[in-house]
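Per TrEMBL, these features apply:
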type: BINDING; residues: B:Asp464, B:Asp470, B:Glu473, B:Glu474; note: Mg(2+) binding site
type: DOMAIN; residues: B:42-157; note: domain 'TRNA-binding'
type: DOMAIN; residues: B:412-486; note: domain 'B5'
type: DOMAIN; residues: B:740-833; note: domain 'FDX-ACB'
Amino acid sequence: MSAPNKSYDPVEVEALKPEEIERMRNEALAAFAAAADLEALREAKAAHMGDRSPLALANREIGALPPQAKAEAGKRVGMARGAVNKAFAARQAELEAERDARVLVEEAVDVTLPYDRVPAGARHPLTTFCERVEDVFTAMGYEVAEGPEVEAEWFNFDALNFEPDHPARAMQDTFFVAGDKPGRETGVVLRTHTSPVQVRSMLDREPPIYVVCPGRVYRTDELDATHTPVFHQVELLAIDEGLTMADLKGTIEHMVRSLFGEGLTTRLRPNYFPFTEPSAELDMQCYVCRGASVGNPEQPCRTCSSEGWIELGGCGMVNPRVLVAAGIDPEKYSGFAFGFGIERMLMFRHNVEDMRDMVEGDVRFTRPFGMEI
Amino acid sequence: MRAPLSWLREYVDLPADTTGRDVQAKLIDAGLEVERVEQLGSDLTGPLVVGKVLTIEELEGFRKPIRFCTVDVGMANGTGEPQEIVCGARNFTVGDKVVVVLPGAVLPGDFAIAARKTYGKVSHGMICSGEELGMGDDGSHGIIVLPPEYEPGTDAIELLQLRDEVLDIAVTPDRGYCLSMRGIAREVATAYGLPLRDPALLDVPAPNPHGHPVQVSDPLGCDRFTARTVTGLDPEARSPIWLQRRLQKAGMRPVSLAVDVTNYVMLELGQPLHAYDRSRLKGPIGVRRAERGEKLTTLDGTKRVLDAEDLVITDDNGPIGLAGVMGGANTEIAGPEEGGSTEVVIEAAHFDPVSIARTARRHKLSSEASKRFERGVDPAATSAAAQRTVDLLVLLAGGTPEAGVTEFAAPSAPRTIAMPAGHPDRVAGVDYGRETVVRRLQQVGCDVYGQDELIVTVPSWRPDLTDPNDLAEEVIRLEGYENLPATLPQPPAGRGLTERQRLHRRVGRALAGAGYTEALNYPFIGDWALDHLGLEADDPRRLTVRLANPLSEAEPSLRTTLLPGLFAALRRNDSRGEHDLALFETGLVFHPTGDERPALRLPVDRRPTDQEIAELDAALPAQPRRAAVVLAGARERTGWWGQGRPATWADAVEAGRIVAREAGVELIVRQDQQAPFHPGRCAALLAMADGQEVLVGNAGELHPRVVKAFGLPERSCAMEIDLDRLERAAGGVVEAPRISTFPVATQDVALVVDASVPAAEVEAALRSGAGELLESLRLFDVFTGEQLGEGKKSLAYALRFRAADRTLTAEEASAARESAVATAVERTGAVLRGA
């Protein structure tokens, strides 16, 4: 940059002559107008707006002018640069619009091409359905409790008021763990229900206790369309002061509505289980026909076989004898329990026709269920 | 229990238009599981009439004997002429009364009857068997031959009571009294609010010393024994049609009059009975425990060796019956073919349910009697049941009752339960009030005294009523479970899932998100699977928990690894045409701890001590939770986007990292050799827990022998990881990193090392040498080739350096890189490529 020189005549600075500035401006505008594409415009920009462009160089000369001339020269150069910038922006917008109209169209692809490079995975509906039930109950304040699948008979039977020779014990079709010698009893079984987790929960916790116990259970049934020796249950247990059968009913109704939809009712039918007294079988109103199929051959319902009700599982008030075995004072506390099979629920909630589909691990069965259910 | 509606009407005056379905609905509400109502004869239309066989012509020349008969059917055929009928059965002769179905009728199974030509004759109808009429098995294996007293042309539908409704009830173990018409009728009467005519309310003669002598030496096992004797029975007498039909409708087969009568009374009153042929009894009847090794041949013809706990009925010759389970062959009533018995001793006794249950189980012999005794029979009904049997034998077989009545009864008092009158209200959450509670208990058969505190004497037929809650259930069920309100309790505020439960969910989601599909396999395995895995003889996975009663002898153990189950699922999918497969499972495996003692049978009348619980838990195997994957076929498919690639060991190892990442654990991967993996393509997966490296799993390509043994696609890969160990290694709360906004300096290095040097070691050395300025490091190329020399590989890394507080100079970045390289050279013998 030149140093200021007081004796210097501003008129003598060639580059700052008005006609020179005008020429530079016009050349720039002409170059932009002549640019046929964005690439050419970029070149024109470098030539006319870059650090080495005539206007940039002229701008530097301003410093060499005497103070009285600086203002006028600065204004002249500034206006010219402003006009150039504006012209550039306008031409750029023009060319971009042109490009968008032409090039992007040329770049079009067939977006309907399928893309199954890595096929999607899925979780098993039994798992996700268990979780969904858990979520209903954790939202109410329950904890999720788990326990061993190979379990002591005391937890699986005795503590639940199954007396050693009671027919109810034989009804459970139990797998027994073999001892080290043939015929020697181990007192260990594959749990036939998740109820032993209830006992463990009562032993581990102080009342009030509100737990839900999901898990795998075992019975010696051969696999067929409606039976499997390995299946899943969810049980819930509530122990608190003053719990009633009405509380049991309300709790299950809440669950049914959460899982199957608003407005559904439930029905209790007396039944027998050693660990509850009173005991009941629990039915829910058929969520498909809502009872409309009953006595109405025009409108048969596959889900409930036109019964209007779907059998869900067993429930009842925890037998005070069970409370005693778990060290809970039956005079002070009462409780309710409810258990049901996940396979069964899945069968009617999702219209699964054959138990084997849930057992065999065929990916074609599992994939449509995705990550949540 | 099958209960014909016509039979129930004998005890309850149900309105005439009440149907089986109506009763079903009422009983279901009262707690009886009425599974279905069978509509007998609903698909049967006549004419079906009594016929008298007039002539029989044997037709020759057919593959089986065929008869051409003429039968007198009265005016039922409109003409009174003999009906010509072709018949294949042979159990009748001229003059017999038979059941004839005439053209125009429809038999069960939509079987329309018309005159038709057969065996060269025209048959105008059919002579019927019980089976064809839907009557059930009558044991005759032929057509029905009726007693001679019925007139030809009589309507046989009415005569044989072919139209009826039968309630089929699944009786729960607590309601033994409902294994009788008497018990079910009581429930029906209560449900309809009608009086019950109790068939057990009979006049019985007082006991006296003149009856057949009975000695009960085990009054705990047998607390009641009534013996009655009937003589002069007509050995020719047959059970009348009504009795046979009731037995058949209830699901039993008529045998002989005496046996039919005892069965009938058992169905009616619920009291199992036994009839002995008196001529075959030697001396007094005894009740005692068997001597070990004593033998008895039961009525089913099985010779049994008795256990010292078995309760037996004896005479002077030894055991003559397994008490409450089955009688012995040696004193059996003679059937008609043996000339019949003319004098019988009737036993009506009450036995200890537990003893009967054990004996029935021990001898694998469940009978109608044992089923009832196990569930509880009314001990007060023995004398009435014996009386009813005597009455029927007198009525139907022309017998004479002997005056002697033997009664043994161990002293007992009625059972009472104390219950606050408000207890049922508190259980139900409903205000029933004392009056309702008392009325309902009385309907059940209880005697009730007291005001606020009730003293309830339970009826003899309800041994299941022992606790206040049992009484509450009776009140609530009779008031109707359907009338219970619904309320929601307020649990204390919860904390949601535990960290562990969250982890298990995350693992499943992460694997599914990575393209794996979950399979839930049975945990049963056999030793063959462990052999197929190629496990060494001392591999701990060979130590399994074995089942005493497996479903399949080929798979008697519980899994110690998830892989065999996943292999089976892989193979199944592959064979069904899915070849690009990525499966996963999470679940328990089972390892015996080696020092299990038999699990204790703890008491149930108190909380077990912590020590007792610990001992119980020590009897159980270790049951850790695992996650595993298997892969086969393409991991990425070929398509319009370009080439795909097969699943490899690297995907299996990555699956391990995916799982570990969910636990916040950075896996350490080491070369390993472990069954069932390819010895050169097996990774050990380790994690740091409490400052120690812990093996958490293995991953890699499967050994070709394993692939072959399990029939898997070639180059299948697998990974298995222990979630419990991973959980213990889990990082705590993540500490947020400080993010530098100064520019990054990137430097690449290529290092040549021996092919045997694991990349993980080179990386660790680079990291350690690079120091704090290293922000990240990534292996972007692995190269082998002639220019490197035999047994060498080149590893190319991109290193990114950045400081928290300044822009790094080129010199600083280079110095850090050089330090990284120097450490790698020192630790791994690496040579900087191009240097």
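Backbone N, Cα and C atoms are what each Cβ position is placed from, and that goes for glycine too.
Automated prediction, rather than curation, is the source of TrEMBL annotations.
Taking the features listed in TrEMBL, we show where each one sits on the structure.
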residue	record	CB count, 10 Å
B:Asp464	Mg(2+) binding site	20
B:Asp470	Mg(2+) binding site	19
B:Glu473	Mg(2+) binding site	29
B:Glu474	Mg(2+) binding site	27
Would you mind splitting the domain 'TRNA-binding' (B:42-157) into helix, strand and coil residue counts from DSSP? 2 helix, 47 strand, 67 coil
DSSP assigns the residues of the domain 'FDX-ACB' (B:740-833) as 34 helix, 32 strand, 28 coil
Please spell out the DSSP helix, strand and coil residue counts for the domain 'B5' (B:412-486). 32 helix, 13 strand, 30 coil
Note the mean pLDDT of the domain 'B5' (B:412-486), expressed as a whole number. 94
